[in-house]
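According to TrEMBL, the protein carries these features:
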type	residues	note
ACT_SITE	Asp49	active site
ACT_SITE	Cys52	active site, nucleophile
SITE	Glu237	site 'Linear diubiquitin binding'
ACT_SITE	His262	active site
Amino acid sequence: HKLSVSPEMDIMEYCRKEWRGNTPAAKRMRKGYEAVAQKFASIRRIRGDNYCAFRATLFQALSQATQLPRWLQSEDFTMLPENLLSKYDWIKQWQLRQKPGKRMGEINDEIKEYLILLRKKWKTISEINSPFEKQEACDKLFKNEEEEYCLYEALKFLMLNTAIELYNADKSGRRVPVFSWLLFARDTSSNPCQLMQNHLNQIGHSGGLEQVEMFLLAYALQYTIQVYRLYKYSTDEFITLYPNDPEEEWPMVTLITEDDRHYNIPVRMCQETML
């Protein structure tokens, strides 16, 4: 059984195992891990299959969730697919995981199911008070491959919805975050339809999330994603926030990457950090 999130391991032990040599890159990685170890005691490896950014972010969000986010509580949350499909015909080209070529009605029903599942899981886990039991519930969820991938499909759809909102806001002259311009400045995603076809449809198949899409994920979830980018150690990009000017009330999750492609998660904050 493939483990999506492997058990905890001491951060420095993990680092010594992975980065033995004396190359400049290995030295930089070790320094980076030492810096992370000032704040966190352990690391959990995330399975790498082009969903790892989703997996790491969602696992961290759920394992510290104490309530249902506001956007998940709204009445019309599960109506999203229907509302969007009624306005944008091109969403019919959405690629359901391992089910290419689904008809429009089915896409609507399937995505609605995924959104309901996301809300249900988030609610259930956020209501667990014991940290140990909460962790167990998360571990169990991320061992259920079928459910796990349905949740990623829901996240992708939320990203599409956020992208459409930002695109429309910009077109009507309202202020949008800088990343939104960058997102739609790419030749491959000059509008939400292209973003869906060339990027969102590919996530989990031929590619993971690009950096600008990490911003989009953060906005879709209304979470700040803090990333230790180890290969950037000793530059001001070592700790990167998505978005870089986060909303104060957004909760924060922390990830680790060695290359901006694969993400793992640090766990167990050191005592003095918590104080």
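Glycine too: its Cβ is placed from the backbone N, Cα and C atoms.
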| request: Counting Cβ neighbours within 10 Å across all chains shown, tell me which of the recorded positions Asp49, Glu237 comes out on top. | output: Asp49
| note | CB neighbours within 10 A of His262 (active site), counting all protein chains shown, number 18
| How many neighbouring Cβ atoms, not counting its own, are there within 10 Å of the Cβ of Cys52 (active site, nucleophile)? | 23
| message | Which one is it, among the recorded positions Asp49, Cys52, Glu237, that lies nearest to His262 (active site) by Cα separation? | response | Cys52
| query | Roughly how many angstrom lie between the C-alpha atoms of Glu237 (site 'Linear diubiquitin binding') and the residue listed as 'active site, nucleophile'? | reply | 21
